[in-house]
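Annotation source Swiss-Prot lists ATP binding site at 162-166, HIS225, ARG270, ARG326, 354-359, ASP369. What Swiss-Prot records for 46-132 is domain 'Phosphagen kinase N-terminal', and it gives sequence analysis as the kind of evidence. According to Swiss-Prot, the feature domain 'Phosphagen kinase C-terminal' maps to 159-401, an assignment based on sequence analysis. Among the features that Swiss-Prot reports, phosphotyrosine is placed at TYR255, with the record citing similarity to another entry. As annotated by Swiss-Prot, phosphothreonine applies to THR356. Marked as region 'Cardiolipin-binding' by Swiss-Prot on the basis of similarity to another entry: 40-64. According to Swiss-Prot, the transit peptide annotation covers 1-39.
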Amino acid sequence: MASTFSKLLTGRNASLLFATLGTSALTTGYLVNRQKVCAEARDQHKLFPPSADYPDLRKHNNCMAECLTPSIYAKLRNKVTANGYTLDQCIQTGVDNPGHPFIKTVGMVAGDEESYEVFADLFDPVIKLRHNGYDPRVMKHPTDLDASKITQGQFDERYVLSSRVRTGRSIRGLSLPPACSRAEAREVENVAITALEGLKGDLAGRYYRLSEMTEQDQQRLIDDHFLFDKPVSPLLTCAGMARDWPDARGIWHNYDNTFLIWINEEDHTRVISMEKGGNMKRVFERFCRGLKEVERLIQERGWEFMWNERLGYILTCPSNLGTGLRAGVHVRIPKLSKDPRFSKILENLRLQKRGTGGVDTRAVADVYDISNIDRIGRSEVELVQIVIDGVNYLVDCEKKLERGQDIKVPPPLPQFGKK
């Protein structure tokens, strides 16, 4: 219910108050009262016990729904981060979206760096479930951006059509996209593009604001897999990441269109190296070199990326913690993709398949997007090498099937570098 003071601020009453009290006094009083009203509204749910607020997850199939219990919910429901982010905001996207037909989604997001600590009783088991047993309570995440360690990074281009490596980075001290204010999002954009202006050589390029693009230009970039899609995915909309679109969103790319930075989509930044063909070693070398240079330029301006030794690089979705890295190829495998052993082969190689256009798309002309399923517990070098070895195995299987030969399901890869 609106307070008497709030009602006074409507219609002609507001004008009279401005004239009588003066702008400064009224503004101060209004802001104080508004903060009180917002706090009261946020605390309304506390009038009910946690059991009355517990979400109905009986038909859900995501990691959050599998890990959340009434006792965990009761323990965490009334906690908030320093930025005011709550457990219910973390899990809302998973409550609104029971599951996915092709992949098991996480079902929750973080609103800021502190979310992973304040709500660790839920985030930690979700991370362990999603990341093949990685336990952030006792394990430490390795980082390695030495591209010279990669071997056999050239694919057979009769099968592999394109190669790509991406990651995300978050700027410490600013809320993540689910909780980002307009001012914070604009600050992310400003920090990023100011740093990117310092890139030289083959990394040099320019920034394009989404708000200044035509619809035709946007769609062309989306179709060419350069630009993120419009904010229609349930993850973005239900988690609040589509707010104020397209304000403070954009894409930076070098003049060769092989090194890209997305600004303010699911994460503060997405750093991408890509090119046609099968030279994954060259793509990864450019990725490592560009990422290191971007971080150096960010730090020169007094900022840093969110990182800790338990979780690695901090990003919005727990699925991207650690390296945040997804190394992928578009590969044409018409025979293997129809073999009943295909899914098991991918599982044992720690790979996942998506349609030609990514998540929620189908394979066109038997072309699949194949990438690493893990993000945390292994270094960037390890994950890219897993993709290289795995895709070479898939191509070898395709060639054997073309010759009428049998193929084998490989043994499962050991966890986290264990021998």
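Keep in mind that glycine also has a Cβ here, set from the backbone N, Cα and C atoms.
Note that the structure is predicted; figures quoted are calculated from it, not measured.
The Cβ of ARG166 (ATP binding site) lies under 8 Å from the Cβ of ARG270, VAL271, ILE272, SER273, MET274, PHE287, LEU325, ARG326, each of which sits 6+ residues away along the same chain.
Calculated from their C-alpha atoms, the gap between ARG164 (ATP binding site) and TYR255 (phosphotyrosine) amounts to 17 Å. When Cβ atoms from all protein chains are considered, those within 10 Å of ASP369 (ATP binding site) total 22, not counting its own.
In the three-state DSSP scheme, ARG166 (ATP binding site) falls into the strand class.
Residues of the domain 'Phosphagen kinase N-terminal' (46-132) grouped by DSSP class, helix first, strand second and coil last, total 43 helix, 2 strand, 42 coil. In this structure, the C-alpha atom of ARG354 (ATP binding site) lies 29 angstrom from that of TYR255 (phosphotyrosine). Predicted-model confidence for the domain 'Phosphagen kinase C-terminal' (159-401) is 93, expressed as mean pLDDT. If you measure from the Cα atom of ASP369 (ATP binding site) to that of TYR255 (phosphotyrosine), you get 25 Å. DSSP assigns TYR255 (phosphotyrosine) to coil in the three-state reduction, outside any helix or strand. The two recorded residues SER162 (ATP binding site) and TYR255 (phosphotyrosine) have their Cα atoms spaced 18 Å from each other.
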